[in-house]
Amino acid sequence: MAGHLASDFAFSPPPGGGGDGPGGPETGWVDPRTWLSFQGPPGGPGIGPGVGPGSEVWGIPPCPPPYEFCGGMAYCGPQVGVGLVPQGGLETSQPEGEAGAGVESNSDGASPEPCTVPTGAVKLEKEKLEQNPEESQDIKALQKELEQFAKLLKQKRITLGYTQADVGLTLGVLFGKVFSQTTICRFEALQLSFKNMCKLRPLLQKWVEEADNNENLQEICKAETLVQARKRKRTSIENRVRGSLENLFLQCPKPTLQQISHIAQQLGLEKDVVRVWFCNRRQKGKRSSSDYAQREDFEAAGSPFSGGPVSFPLAPGPHFGTPGYGSPHFTALYSSVPFPEGEAFPPVPVTTLGSPMHSN
């Protein structure tokens, strides 16, 4: 304790004992414990003497003054788990008006919160949470209507023989916007957001009406399906044309737009087909070159088990082998560093005992 006090304060006690005599305290020396007991926050009331060593003695940072927190509403109290017992003499006084506005201390002795939550934010949260009862009833009614319509849509679709993809394509024919099969599936399963469900419901309602009244809707849907299938058809290139493209690629891997147009005219292909073919061919070349480089690196590094198998004899002693095989027992291992010629361990034969003989 004395060493700690000497390190924290630039005061040194006199060599002698206490008193007013020659062994008493010298002029300008102050007892650290007395000095600590009189210290208080700037602008605040001092703490009476005789309380004991302050927080600096125990190696704990002092509490900040009350005005450093939220407008003087904070309370500086002892922290939990530091080994200090709260004392009545260490409490700071607060005005009665600020005591109600401050943070209440926990009953279990935990440290209080530094500042209070603004009342305006709490009011805004309450206003968000508290909804108008009429609006909540309207939302619930709309949700029930959406659930009933989703069931009706699914029943109508299955009855007429439409798939979810057919419904999406038919919406594209009728309203100019194609919806995916996933969107229709999520609508029927009520997995879309409330806003998207409300937007999609009028379109699906018109689809139900058209499906009931228009008998040609199925044919329209089939025609649209064929058109979409044609759009997704893969382009096939003849072997002769592919060979010509390969030769041109070796000469110029990245042709310009004018060169692509000239190649398309010569080979009788579309410009987009030629352009896409060159793009795909460049990507294929990059992949093959990277694979070849990795293979070369692997061959240059060599196998981790270079060199031939090296035979090491087992420990001396009898080794029981399989009956009928009288060859010496050796363990074949692969050495990471091959032995030079003439330095390999010569195989040492070990006497092997065969099957035990039964004597009469």
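Cβ atoms are placed via backbone N, Cα and C, with glycine included.
Some features that Swiss-Prot has for this protein:
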COMPBIAS  17-26  compositional bias 'Gly residues'
DOMAIN    138-212  domain 'POU-specific'
MOD_RES   Ser111  phosphoserine
MOD_RES   Thr235  phosphothreonine
MOD_RES   Ser236  phosphoserine
MOD_RES   Ser289  phosphoserine
MOD_RES   Ser290  phosphoserine
MOD_RES   Ser355  phosphoserine
REGION    1-53  region 'Disordered'
REGION    87-117  region 'Disordered'
REGION    180-186  region 'DNA-binding'
REGION    193-196  region 'DNA-binding'
MOTIF     4-12  motif '9aaTAD'
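Along the region 'DNA-binding' (193-196), the predicted structure has mean pLDDT 88.
For the modified residues listed here (Thr235, Ser236), the lowest count of other CB atoms within 10 A around the CB belongs to Ser236. Helix, strand and coil content of the region 'DNA-binding' (193-196), in residues and according to DSSP, is 3 helix, 0 strand, 1 coil.
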